[in-house]
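Over in TrEMBL, the protein carries these features:
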{"type": "DOMAIN", "residues": "9-85", "note": "domain 'PDZ'"}
{"type": "REGION", "residues": "81-166", "note": "region 'Disordered'"}
{"type": "COMPBIAS", "residues": "144-157", "note": "compositional bias 'Basic and acidic residues'"}
C-alpha cells in the first residue's frame, strides 16, 4: 500500500468527491474525480484513501467534518493519501477477436422475448409461455381467482364513482 502527500494550490473547486467517514464506519476515500481538475492533475485517483487533511488524521473525522475541513483550508489543500493498487495511465480494453461471437452459458427461451410489446399487452397467440419446453401452468389453481385476476386488469377509476373496477369487484367478495 503506497502512502503519499498531495498539495493542491488555488481556490476550490478541487475536483474530487469524498465518500465514507467515521459516521459511516468506512474510511474516507475519493469516489469521483473531475476530468482535468486539480486533483486529477496532481495524481489523485478514484479509490485513494484519505489519511490526513491539512495534517490532521482523517480516520477520526465524520464525513461532514472532513468536508468542512477541506472547505476551511482556503487557497491550499494538503492531503495525505494511500493507494492500494497502482493506477494505470489509461484503461485498457480487452481486445477480443472480431470473428468469434460471444458464447453464452445459458439457453435463452425462443418463445419469449421475440418482439418488444407494450407493458400489459397480451402475448401473441402463437407463443405460449414455456419453461424447459413444457407449458407453464397458471399460478392460480382456483378458476374463480383466475377470473378475478382477469377482470381486474382495468385499474382506471370510472367517472363519477371514484373507485376502480377492481375495487368494486373485491368489495362484492
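Cβ coordinates come from backbone N, Cα and C, glycine included.
Counting residues per DSSP class in helix, strand and coil order gives 20 helix, 30 strand, 27 coil for the domain 'PDZ' (9-85). Confidence over the domain 'PDZ' (9-85), given as mean pLDDT on the 0 to 100 scale, stands at 93.
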